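Okay, so here's the structure we're looking at.
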Amino acid sequence: MPPPVSSPSAPRLSPSAARAAEQHCLRLLAASSTPTSLLQSVAFLLKSGLHANSLVLTRLFAASASAAPALLDPLVAALLRPSVPLDAFLANTLIRAHATSPIHSLRLRAAAFFPLMLRGAVVPNKFTFPFLLKACAALPGSPDVGLQAHAAALKFGFATDHYVSNTLIHMYSCFGGGFLGDARNVFDRMPKESAVTWSAMIGGYVRGGLSSDAVELFREMQANGVQADEVTVIGVLAAATDLGALELARWVRRFVEREGIGKSVTLCNALIDTLAKCGDVDGAVAVFEGMQQRSVVSWTSVIDALAMEGRGKEAVRVFEEMKVAGVPPDDVAFIGVLTACSHAGMVDEGCGYFDAMKVEYGIEPKIEHYGCMVDMFGRAGMVERAMEFVRTMPIQPNPVIWRSLVSACRAHGRLELGESITRSLLHEYPAHEANYIMLSNVFALTQRWKEKSEIRREMSKRGIKKVPGCSIVELDGEVHEFIAGDESHPQYKDIYRMVEEMARELRRVGHIAATSEVLLDLDEEDKEGALQWHSEKLAIAFALLRTPPGTQVRVVKNLRVCSDCHAAIKCISQVYRREIVVRDRSRFHRFKDGSCSCKDFW
């Protein structure tokens, strides 16, 4: 904390005058809603000699947190001095004001006021720990401060308080997967009559990447007769998004209607996002159209949803409707519309929107906007224009932009240029596995097995491993996960037989496996076999086995769909007369009658 400044001189007031000044200052602070009005209140505070009045300072710091967050730090530095009588009310306000600040650096300082409280012999109360623990959850790196805060809550007898326990669950889940067990221990030991408690643990599981556990806990919550609230529903929707569980998302939408849960803008936005990311874009649009109030997030979510499915013209139409409705687009909305133009090949429109950002709306393009433009030129086959755009960018291109360029080079046969860019990336970012994979792909495409083997050895030497492909299918409310070559599924023998049948059917209609996708120096027959067992093919085979003819198949994959699987799934959709929707890490592919919505560029 900065050294104390000298006390400002102030007139000595009679007790009644001091009381009147205090009440007037409190009224001024209560009405302070802007930085200017807050500073006027501070001027009166100093003029009236109230700089050591703990009640006035408590209200001042609270008012600053909401009306002028940037003033909180200098006000605390100037006024919080040893002469100020510190009490629990003032200390709690300091912790809360910092913990809830929109300024990141202030949030990191919130926990530091607790030791100050203890040094001043101020006994914490039950209102101290929820915000202290929330502050600890936001601290990066070591969780030691949070563990000490938990110990203090135990010492002072507040660890079993309902609000403190709920915040403990939140804190431990924010520390990462290794502490989810601690969060669950707190949850298991406390009463569970409140939806807040269940929501805290459900949210913890989602943050920790255990979305299936989150869904299972939600079902347990229902079995216990606890009424879900908006926060619970948003947590379950986040789990459904992570799992790509469309049926769950649709059920939650019906659940909200049936239980009469208030459809706030935040909840509707979450519904739009989940339905879209699970593949029901029309359902997401229906939720949007039924909203009585919409935020810029509502509009942006629909634009993003349409863009992910390649419905660029519709996305642009919604963007224009947003402007007509008087909702000014922000930088995120422009990312959405530029992505839509990119995926739909609308180059001229995309260039127009990029220029309008700064000229019409005064929004300075960020690296994400430049990335959208590079991607748009690359998808359209304008590799040279994309290179020129990157060379003239006013900010330094990041690895994502360079990798987007490499993808364009690969898709449009500019392998030499792609190799050159990838080598530069490897030199500058030697620890990123994607750079090695891209260069291996180039070598495999040009059958340069020796160079490819050297790349694999370098990856092994550095301990870099390729992330395994994983695909998910949701059937009858149950999520099934598949990994390439995996035999852990109870029906794996039937699934493998179905994959072999699919391969025979594809060969019958003339499909030739794109064996250059296999990054191993195998003969052609072995390569084709390796491609055959990719995770998305296992997932599709399972869905074909378990669903009636004509049923839509939905798959979620953690990686980009490879070229061979993309071509194979187009054939599968035609041979088996199925619509197959695959969500990979960047977009949706809707396969139907032998073609894909991405128009073979992704």
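Cβ coordinates come from backbone N, Cα and C, glycine included.
TrEMBL annotations: computationally assigned, not manually curated.
Confidence across the domain 'DYW' (510-602), taken as the mean pLDDT and rounded to a whole number, stands at 78. Per TrEMBL, domain 'DYW' is recorded for 510-602.
Within its own chain, the repeat 'PPR' (194-228) has Cβ neighbours under 8 Å at 162, 165-167, 169-170, 172-174, 176-177, 180, 183-184, 187, 235-236, 238-240, 242-243, 245, 248, 255, 259, 261, 479, counting only residues six or more beyond its boundaries. Under the heading repeat 'PPR', TrEMBL lists 194-228 (among others).
The repeat 'PPR' annotation in TrEMBL covers 264-294 (among others). Residues 230, 233-234, 237-238, 240-241, 244-246, 249-250, 252-253, 256, 301-302, 304-306, 308-309, 311, 325, 327, 554, 581, 583, 588 of the same chain sit 6 or more residues outside the repeat 'PPR' (264-294) yet have a Cβ under 8 Å from a Cβ within it.
Annotation source TrEMBL lists repeat 'PPR' at 295-329 (among others).
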Count up the helix, strand and coil residues in the repeat 'PPR' (295-329) according to DSSP, in that order.
26 helix, 0 strand, 9 coil
On the DSSP side of things, how many residues of the repeat 'PPR' (194-228) fall into helix, strand and coil, could you say?
26 helix, 0 strand, 9 coil
